[in-house]
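This report refers to the structure that appears directly beneath it.
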């Protein structure tokens with residue numbers, strides 16, 4: 001049983017906490033919060049032990065009527081591994097604290113790659129992650145790209161990938177972010193950092209990325225072009241993607257046209273928070289012209305890295321193989337969407353969190 | 001055991017279906033869909049019997065791989081009551097069908113008041129609903145206003161209510177609606193129809209409403225002014241609202257600033273779809289100046305009428321008292337939010353759908 005702590009109970013942290021708590025081979029020891037807001041209340045209501053992320057704020061929680069079990073230092077002493085889910089850049093400040101406690105750490109993609117011994121994606125990382133004492137789960141966008149580029153390269157060979165990322169401006173609760181009513185090149189320089197971040201996982205893939213941000217909160221949208229080494233049929237590519245457990249191909253007849261309907265569908269299936277852990281690829285967009293593959297996919301920025309964090313924990317502190325870890329994570333969470341509407345109703349039986 | 005059918009499995013219908021299925025004294029016989037999209041798939045995955053809302057479309061479902069149990073006529077023959085959750089205006093077209101089958105019907109607030117014997121709100125309706133053979137649950141906005149105006153009138157007397165409604169442009173899945181990047185007087189004439197609709201429930205309340213629509217999908221926002229007959233203290237009003245089981249007062253320290261965080265909080269508490277069945281009133285906005293009360297409240301347009309539909313079913317076809325019905329509905333669904341952060345942590349123990 002791996003004892004896990006989650007430092008930071010925000011958008012990612014609360015989902016990682018739920019995912020860890022759902023694993024039969026893991027124990028969620030506790031989570032931290034910097035202040036006693038609704039998120040802290042929710043942690044307590046879920047039965048999670050709450051720790052003050054900042055030492056001198058224990059009284060603030062108690063005054064608000066929320067009981068804390070201690071501070072971050074106490075949590076670090078009680079766990080085998082800490083998952084840092086602090087805002088971007090704070091992980092770097094937390095690293096010396098984890099090291100002082102000799103606690104292996106999983107970081108998020110908002111940190112520089114140098115924060116950890118290796119960057120991590122369960123489908124695409126090489127064997128170098130096995131020896132790492134710390135891991136960094138790459139960002140939601142890099143996760144989504146790695147998941148499709150790895151199998152495409154293995155099966156058809158990738159000569160070059162060119163991707164335009166239309167990123168969401170903020171998460172649904174981030175009301176103070178922009179843009180409003182505009183689409184902003186961000187950065188206006190090309191390539192963006194996303195390509196190099198994918199190369200932290202797949203160093204041999206030639207990839208350029210161009211990034212925009214849009215006034216939406218639901219999901220990121222990728223317009224993907226991959227020039228392949230070979231000329232597979234469109235159906236061969238669709239078939240390959242259908243084999244990936246963390247890629248969901250949206251059937252045309254489902255009537256799902258964007259992030260709103262995708263999350264509505266996820267909620268309809270009983271998924272907590274309407275989360276989509278899988279890349280969501282519009283099946284009819286998957287098109288091959290000569291050696292050029294095109295597709296649109298959506299990536300749920302709040303959710304797709306969550307199963308990757310679970311697998312990173314196992315990679316860091318257990319001997320469980322990567323494939324076995326992915327299978328366990330998928331099983332425990334219900335990762336792996338197959339629509340009944342695919343192929344005229346011959347889709348596989350669904351796997352949902354309720355099963 | 002009351003056998004219930006739901007005609008129309010969209011935004012409201014799927015929530016009413018879930019709510020009916022959760023009642024110990026009701027049986028959800030089935031739901032209808034007009035076409036085999038992701039919503040129809042989701043109904044089947046939830047284990048609900050699916051009926052074709054339009055007779056000649058059975059084949060279309062079968063071709064898509066979705067099994068239907070029959071048509072609307074078959075469903076009507078098998079139920080004690082039908083809840084019409086068709087789009088606005090379609091309920092009027094459905095009424096003769098229900099009447100031909102002698103099936104009592106609950107309609108939604110998108111229909112004209114004349115469609116049913118009486119309009120309905122569980123907290124505010126008078127005794128006239130007891131004898132009705134059909135009921136119309138008033139719209140989400142009228143529901144939200146009735147829930148606070150009834151107790152305010154009973155306790156302090158309402159001389160006049162003036163409300164500005166900043167309405168959401170569409171639901172999260174309605175990507176083809178506006179406005180984008182504007183706030184539109186809608187209608188530009190004042191008063192809007194909302195005041196008269198409240199008068200269908202509370203005929204003696206003097207109320208004027210002015211309505212706008214905004215480019216948001218989360219919730220409606222009401223800026224409420226009520227001139228009272230008396231001069232209660234602010235805390236007396238807050239206390240009265242705190243007693244209403246379907247009104248949630250948001251504590252200032254929770255850090256909840258809008259619809260995004262409200263729905264995030266609801267999801268954190270494990271609520272399916274992040275639904276908020278309660279009016280959400282910002283506690284610090286509740287202010288009394290002389291006889292003038294002011295407050296802001298949010299109304300979740302997808303959810304607040306759902307418990308009202310359940311109570312309307314009981315009012316229509318059972319002898320269960322209104323108060324008893326409300327208690328049963330709240331218990332079965334987990335309606336009734338009380339934040340642990342209210343009053344320095346002395347809030348009541350939470351009631352959530354997971355309990």
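Glycine is no exception: its Cβ is also placed from the backbone N, Cα and C atoms.
Annotated features, as they stand in TrEMBL:
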type	residues	note
ACT_SITE	A:140	active site, nucleophile
BINDING	A:11, A:12, A:110, A:168, A:301	NAD(+) binding site
BINDING	A:139, A:140, A:141, A:194, A:195	D-glyceraldehyde 3-phosphate binding site
DOMAIN	A:2-140	domain 'Glyceraldehyde 3-phosphate dehydrogenase NAD(P) binding'
Across the domain 'Glyceraldehyde 3-phosphate dehydrogenase NAD(P) binding' (A:2-140), the model's average pLDDT, rounded to a whole number, is 97
Not counting A:139, A:140, A:141, A:194, A:195, residues with a CB within 8 A of the CB centroid of the D-glyceraldehyde 3-phosphate site are A:109, A:138, A:142, A:143, A:144, A:145, A:165, A:193, A:197, A:198, A:209
Proximal but sequence-remote residues of the same chain as residue A:110 (NAD(+) binding site) (Cβ under 8 Å, at least 6 apart):
A:87, A:88, A:89, A:91, A:139
Report, in whole Å, the straight Cα-to-Cα distance of residue A:301 (NAD(+) binding site) from residue A:141 (D-glyceraldehyde 3-phosphate binding site).
7
Residue pair residue A:140 (active site, nucleophile), residue A:194 (D-glyceraldehyde 3-phosphate binding site) - Cα distance, angstrom, rounded:
10
Give me the CA-CA distance between residue A:194 (D-glyceraldehyde 3-phosphate binding site) and residue A:301 (NAD(+) binding site), in Å, as a whole number.
14
Its residues classified by DSSP, the domain 'Glyceraldehyde 3-phosphate dehydrogenase NAD(P) binding' (A:2-140) shows 54 helix, 33 strand, 52 coil
Specify all same-chain residues, apart from the site residues A:11, A:12, A:110, A:168, A:301, whose Cβ lies within 8 angstroms of the center of the Cβ atoms of the NAD(+) site, ordered by sequence.
A:140, A:171, A:302, A:305
Considering each pair of residues in A:139, A:140, A:141, A:194, A:195, all listed as binding D-glyceraldehyde 3-phosphate, report the largest CA to CA distance in Å, no decimals.
13
With Cβ-Cβ distance below 8 Å and at least 6 positions apart along the chain, what are the contacts of residue A:12 (NAD(+) binding site)? List them in sequence order.
A:85, A:108, A:302, A:305, A:306, A:309
Tally every other Cβ atom lying within 10 Å of the Cβ atom of residue A:139 (D-glyceraldehyde 3-phosphate binding site).
24
